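Here the structure comes first, spelled out in structure tokens, and everything after it is commentary.
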Amino acid sequence: MSRFFTTGSDSESESSLSGEELVTKPVSGNYGKQPLLLSEDEEDTKRVVRSAKDKRFEELTNLIRTIRNAMKIRDVTKCLEEFELLGKAYGKAKSIVDKEGVPRFYIRILADLEDYLNELWEDKEGKKKMNKNNAKALSTLRQKIRKYNRDFESHITNYKQNPEQSADEDAEKNEEDSEGSSDEDEDEDGVGNTTFLKKKQESSGESRKFHKKMEDDDEDSEDSEDEEWDTSSTSSDSDSEEEEGKQTVLASKFLKKAPTTEEDKKAAEKKREDKAKKKHDRKSKRLDEEEEDNEGGEWERVRGGVPLVKEKPKMFAKGTEITHAVVIKKLNEILQVRGKKGTDRATQIELLQLLVQIAAENNLGVGVIVKIKFNIIASLYDYNPNLATYMKPEMWQMCLDCINELMDTLVAHSNIFVGENILEESENLHNFDQPLRVRGCILTLVERMDEEFTKIMQNTDPHSQEYVEHLKDEAQVCAIIERVQRYLEEKGTTEEICQIYLRRILHTYYKFDYKAHQRQLTPPEGSSKSEQDQAENEGEDSAVLMERLCKYIYAKDRTDRIRTCAILCHIYHHALHSRWYQARDLMLMSHLQDNIQHADPPVQILYNRTMVQLGICAFRQGLTKDAHNALLDIQSSGRAKELLGQGLLLRSLQERNQEQEKVERRRQVPFHLHINLELLECVYLVSAMLLEIPYMAAHESDARRRMISKQFHHQLRVGERQPLLGPPESMREHVVAASKAMKMGDWKTCHSFIINEKMNGKVWDLFPEADKVRTMLVRKIQEESLRTYLFTYSSVYDSISMETLSDMFELDLPTVHSIISKMIINEELMASLDQPTQTVVMHRTEPTAQQNLALQLAEKLGSLVENNERVFDHKQGTYGGYFRDQKDGYRKNEGYMRRGGYRQQQSQTAY
């Protein structure tokens, strides 16, 4: 029991009834303590002695309240901490719970917390936004709550079957608590005593009767209030009579006494009756509302409602004269709310369209109409505040129509000048005697339109029909860009012309011109006159168009970025149409490879795409070394997909946050611009095979030979590690199998692995001139197989006939002669040509296989001797240096020197 109640003598008189100040004297033995003086405020304060059950339950409810607050702010770490404390508090209250039962509020928090954690766990986007501590706490708490709730499965199931009952009890309890607190504030007679004094007091009989009556009157109210919390107005049976007596006697000293007069009794009874009446009225009102809701029988499913006729908003008051000033004022009013929170963007667009109609009906002139249409298009672009969100199809079509209408107006009225440099104060919208001036930039609208088109293509499934439908809109986009190009060529500045030219280039550079390609294959003499006329009417080829646009940018542009993009697109277009030497020369003259690392990421992606296309072009021309060098940087990184802007790698997603991922996804090129990655890898591996296999055969005994392609060697090692080799299936397996055949000089097997139906479908048929590429590949395989054969078996032959080699590799004799001559000149093959007999005579200057092994053994033994000498010096304590390269001796005045692979004994000299 608290020391507060034990202080003082039992014989003190109850002076609180007379209103005198209460002075508590210390008992004997408590000399060090000051007497406790109660002020008047403390005298009036009610003091309540709570049972152990109330204390434990209050501790639980406080923890539950903290958990719910943490759930609202998604603080899972706080939830975990409080849940652990809640479990400990529940353990302390176990004896009370065993007697009274598990409280319903405890079951509710367990069920709600488990549902809340499951929601967070299923929300993948929300989990990504969590910090590290919250994510870790979520996993831990989810496991703990699932394990903890197993002991309360039946209670949680019953609660979930009827959760409304608990909610109604809470609402009713809160209402009664609020009313009860207001009544207690007004009650001057200490009504709360009856809830505290739970046993019969041994004081006056009149007080006991009054308490008994109050308990009977308040029985219904207390039952409803204490139903959930499992509290009652009766005391616990476990309390002893002695403790009860002490509590009641001490409480009677500090609490106000119950009313004793008849007037006080009547007032208290009246208040209780009013409270019971209010409670009854609330229940009856709720029942009436439920009956009203249930009137009319069963519910019926409504198939369709009557469509609401949406009234058009009224722009102007009735009778208002529509003038330029009134319309411009209304336009400014609409634009003032643009971008503000809560603004309905669709309604704003409708208002602007209605304003255009009003301006046209009242003949206010094209100046006002053009100004409003500029704002309509800008509002369409601002409809989606999120940068990653793309336009809806209806909004996109509306945007295209508005831009076309605006261009029709600008082209039809040549006296209208638009530009960003025109201030709103200097606009001329209605004075037709002078040229009309409108603030706005048609180039900005077209660039934004192009960006929206790219965004639509990025966010559409590339394998769906919807993507094809959206791709058809590119014709409209290109037509608008072409119209704006012609308009700006007449009225635009040099900078604007360069920008619109770049837009035109970006929609042209990646397209293969099949018509121009067919015209190149068909000579003019072989085509009919109608075909020639049709070719003339089609306009200039894409090559001529690219040449004209790019040269203008090279000469007029003042910004490095536009010129760089134009050069890269020009190189890409040359490479796509197999103009290798023009593309290579333009790349070398531009020196872009020296400073491309300083460019922004979209330009770097364009550079990577151009280099890849350049490498594929070199491969088609049979220049395997140039193709390999162009593709080396992209393929050796292992991130070709990411470097070409065609997707993000899963392993790299962990290295960036969510914002960086969104930015990089916006940089991805649409699917119709993608370069086939399997074709790219196949071209690289075949080029590496044609270079690496002859090199490996020429330097087979060289332990220090370098690798031309690490990725190709990796594929070879993967193939060698397989214990059981079946027929090749993937593209990589075909290249590895072909490489093994080429090592043996078997060009026919190599050819069958590289060129077959499966490889044709995956790779070779994707080229514009597939037959030409296959013919080139067969020729390269024959030549490199011949080189490999000579390198591998030169030690076997004393001489070999070139005719034999020609028949073996199905090459004509001049080609064989040329290949062998180059090998001899480059000192790759130690041999000579005997012209009269057409034979190759081997000189046998290269060491044989046995000699190579002996040389390797001698080299390894020499390194072993050196290592042993170092270990010996270390044991003898010679830490200062190693003297084998000096003339003095050591270890019995003898030293060892490695010179040319053998040991020489040096003469003894003084050190």
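Heads up, the Cβ atoms here are built off N, Cα and C, so glycines get one too.
Note that the structure is a prediction, hence the values are computed from the model and not measured.
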- Note on the structure: Of Ser11, Ser203, Ser527, the residue that Swiss-Prot annotates as phosphoserine is Ser11
- Query: According to Swiss-Prot, phosphoserine sits on which of Ser182, Ser204, Ser221, Ser236?
  - Reply: Ser182
- Query: According to Swiss-Prot, which residue out of Lys132, Lys641, Lys710, Lys892 bears the annotation N6-acetyllysine?
  - Reply: Lys641
- Task: Going by Swiss-Prot, point out which residue in Ser181, Ser235, Ser528 is annotated as phosphoserine.
- Result: Ser181
- Task: Give me the Cα-Cα distance between Lys99 (N6-acetyllysine) and Lys641 (N6-acetyllysine), rounded to a whole Å.
- Result: 68
- Report, in whole Å, the straight Cα-to-Cα distance of Thr522 (phosphothreonine) from Lys641 (N6-acetyllysine). 38
- Message: Just to be sure I understand the packing, how many Cβ atoms besides its own are within 10 Å of the Cβ of Lys99 (N6-acetyllysine)?
- Response: 12
- Task: Would you count the other C-beta atoms found within 10 angstroms of the C-beta of Thr522 (phosphothreonine) for me?
- Result: 11
- Neighbour count (Cβ, 10 Å) for Lys641 (N6-acetyllysine): 14
- Along the domain 'PCI' (671-847), what average pLDDT does this model show? 89
